[in-house]
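This report concerns only the one structure given below.
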Amino acid sequence: QGRAGGGCAPARRGGPAAMAAGASRSTSGGIREGDVHRGDYVPLIRDPEAQEALQPNGDQPGGPSGVARITSLRRGGEEGEEVRPFMPRLKFVEGPECQTFVGLVIAANAIVLGVETDYPGGIWDAVEQAFLMVFVAELALRMMYHGCNYFVQRGHLFWNWFDLLIVGLGVMESWIIPLSAWEMNSPGTLALRSLRLLRLLRLLRMFRMFIYMQKFVDAMVEMFPTLMWIFGILFLFCYVTAIVLTHMLGKMEALSGLAVSREDQDGLSAEFGDLFTTMFTLFRIVTMDSWHTTALRVTKYLPMWRIFFVCFIAFGSWTMISLLTAVVSDHMLAATADLNEIEKKRAHEIKMAFLDYLRKSFHEADTDGNGKLDREEFVRWANDDATLQRLQQVGIEMRSAELVSLFDMFDIDDTGQLSIDEFLHGFARAQDTLGMNHFLMLEHLFKRMERQVDGVRGSVDDVVTAVDARACAKVKARGSTG
């Protein structure tokens, strides 16, 4: 069964012979419905995550080595489905280079808005027009790339409509209103022109472009219900306490009969005069903002109220704030763990794409079509500049001469030819051991020595068997003559 993004090329129908001789079509999206059927053979990738979707051909008689046979097919779910773009040629608009450029434009636009606030006039209108044209062009290209799916795309629905709204408001404020026949000083027009401050919302697109910021927002949304419960408990606690303190301190019920100075009366009235003022005072105490001033003013006349302030701070500040910190930390750690999984998945996708490229290159380099690469074909492929550039993209920094030397290391059975299994497995190991190619060489040398030792052991066993047979024959001959 195949997984979306698994990295295997579609299979060739017609059994093992067709698989060994024919070149398979490669795709970057992995095994998809319609590409393979039950009983088809695909190249066997020496990778645990990719191999879990395939059943190796070890138990099927007559099947070639280095391939696996599709035993079942599974339809992709919602997470694995990929919507076909309306104009695939515009794929670059969703690429990292284009998104990085748009992010830099948004950052520059934010800087210009800040400078324009303190130094109005000048060329800022022309600069804003240029920014707006970039945003309109980027939005138009994305809508052309996705087609109608742009408005219903899962996972990006909110951000797509958000981009459309922000760009639409910018077009109305900068292009439609100045060209219209509306009265420029009418209340409606002034209200629309005041929407230019909404251009600051473009900064929110940064959360979409950078996965770390997006994960931060996701963590905030996920922890929001828990935070609301904690804030609700804290609010209820402060509300009940505020009612009591307004009566006891604001209305002087607890201080009746005591000689309270006029200055302290005014201070208590300013801090506990009504319910909302008392709640704000309690909020200051929770945040430890000058709480001692309020506490000393009360405890100067009511010493036992020290217990109240200690208990209130212990629960409202230490306990509840610590609980808030724990919830935020827990969700942020979970978001960090998700980022690590995303990085692993991305590295796996890069590896699968590289193996797919190698498989395609193997068939292109196999000019005689015998399913093997001899030294001449491998050297021709290694001397291609496009090959070196592609290998550098996945972290394999080698010159052509170094790349040619890999042929002997990959050719473990010393046949002078590379099978597709040896080709893929060798480069997969070279990619994993980046900067440690000498260990790779030792590994292949040990495997070759093991094969040679096995061959010598077999030859010695044959010689020993032959000697034993001759000795037995001589013994029998002597026994018969005697």
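Glycine too: its Cβ is placed from the backbone N, Cα and C atoms.
Under the heading compositional bias 'Low complexity', TrEMBL lists 9-30.
Residues or ranges marked as domain 'EF-hand' in TrEMBL: 353-388 (among others). According to DSSP, the domain 'EF-hand' (353-388) comprises 25 helix, 2 strand, 9 coil.
Across the domain 'EF-hand' (398-433), the prediction's mean pLDDT works out to 78. Per TrEMBL, the feature domain 'EF-hand' maps to 398-433 (among others).
What TrEMBL records for 1-40 (among others) is region 'Disordered'.
Annotation source TrEMBL lists region 'Disordered' at 52-82 (among others).
Feature annotation from TrEMBL assigns transmembrane segment to 157-177 (among others).
Remote same-chain residues near the transmembrane segment (226-248) are listed as 254, 272-275, 278-279, 281-283, 286, 312, 315-316, 320, 323-324, 327-328 (criterion: CB distance under 8 Å, separation of at least six residues from the stretch ends). Look at TrEMBL and you will find 226-248 (among others) tagged as transmembrane segment.
Within its own chain, the transmembrane segment (307-328) has Cβ neighbours under 8 Å at 223, 226-227, 230, 233-234, 237-238, 241, 282, 285-288, 291, 295, 298-299, counting only residues six or more beyond its boundaries. The transmembrane segment feature in TrEMBL is assigned to 307-328 (among others).
Counting residues per DSSP class in helix, strand and coil order gives 24 helix, 2 strand, 10 coil for the domain 'EF-hand' (398-433).
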